[in-house]
Structures are given as C-alpha cells and as structure tokens.
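The region 'Disordered' annotation in TrEMBL covers 1-28. The compositional bias 'Low complexity' annotation in TrEMBL covers 1-16. What TrEMBL lists as domain 'Phosphoadenosine phosphosulphate reductase' is 67-232. Annotated [4Fe-4S] cluster binding site per TrEMBL: 144, 145, 227, 230, in sequence order. Residues annotated as active site, nucleophile in TrEMBL: 253.
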Ligand code: SF4
C-alpha cells in the first residue's frame, strides 16, 4: 500500500536512495514497566493461535507496532495487517539483497495494507568498502551484520513499543526455545513471535490461501533468504538455515540472539 523511507524529516525519498537516520514514534512510548507488564500478559496467550496473537498485539500497541520482514514472503505483514491496517513493515535494506527479494518487497508494499519502511545503514556499500575494504562480509561478517543490520534495526526500534517477527522454533537449534511474547531487553520493547509453532509448510500454506507474495527463491532451494553474498541454495531435506553464512561458524546475524 505505502512505502516510507524512515528519515528524521519524514520527507519522501525514492526507494534505495534514502539514508535512514531514525524514525519518529507515532506517539510517546509507555514506560518500561508498562511494557514489561504487557509482555507478561502476551506470554499467557495460546502459542498455537497466531491469529489471536496478532489481534492482541494490534490492540495492545495501536500505532506503536512494527513488523520485521526479510521479504522471503509477506505472510507476517499480511497476518498483522488484518488487525493493524497500514502497520509499519521494517525491511533491513543492507544493499546486498537478491533482485527477487526487492521484487517481493515491491509486491508487499503494493498488494498489502502495510507501510514498508526501508531501514538503512549509516554507510552505503560504497562508503563501507572505502572505509573497511571491499567484501567485508567475507573477512568479518559479524562486523558487516552489525553495521548493516543490527545498528540500523536498534536505531529504528527505538521509535516503537513492540515489534513482531516471523521467528519459528523449527528453523534452527538456536531458535527452539523462542518465546511467544517477551520483553526484548536488548532493544527495550516488547517482542512478539506469532509464528513460533508454525512450520515452513504452514507459512507456504497461509501464503497460498491468502494470495500473499512469496519470494521466488523460496521455490528454488532457498528456504531461508538473507543477503545474496551470504546465502546459498540448500539441498532438499537439509537444515533450512544451512545456506546462511555456509562454511562459517556464524549462524545468526545477531538480531534474534
Ligand atoms: S548477511 Fe552478509 S552481506 Fe548481509 S549484513 Fe551480514 S555479513 Fe553483510
């Protein structure tokens, strides 16, 4: 529906050229104590009822809710937008995405009742290359992720009371204990994971049922999609996340750990 580059001025900027420097909160945030109490309330919800969790999140955080989306598909933005029309969908625009991921981002913005917000690093890829040398993702992926994903996300989440992610417990051993709703100590807001009990088949079935945009790479051996230099095709039956930072000990960018 809408695309918004999140800038301090709010001035519209074409996709891919905006420098994300922060985002203004839709309204003042409640206290940490109030947000902690809401997280405890949400933790009591039925973790098999994603629809109910989405409804609760929309009611508990009106205008202060953000949805994180990697643009593997638009399932989570669709689910949340049914209860929070126009909700902000945060896309970490690292500058390293597949063309198909940009295509999915465009379809999500056009076809769903959401506002896609491009979350941009402080440095463009060219500026990062000039400062740290080219292909930092090969030499120090942790540093690259910190600059291109973690810092921009943390800066952006400061403007919200809660964020919704599509993390599922079946994705990886590092995610088996993911709570349904928790207070995110690292970012200082409530974190809601409505899909924790879903499988990849559940995600694709929802997308099919609701005609939600799906990244074509999902049908081409990429069940988990990140930046192009750090994502490889996986064999059928392999760990879905084994194609991320393949050959390295790194398995997470740090956002959810
Ligand atoms: S996934 Fe790779 S290219 Fe993307 S931010 Fe992390 S290290 Fe850099």
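Positions of Cβ are set from backbone N, Cα and C atoms, glycine also.
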On average, what pLDDT score does this prediction assign to the domain 'Phosphoadenosine phosphosulphate reductase' (67-232)?
97
So for residue 145 ([4Fe-4S] cluster binding site), how many other CB atoms are inside 10 Å of its CB?
24
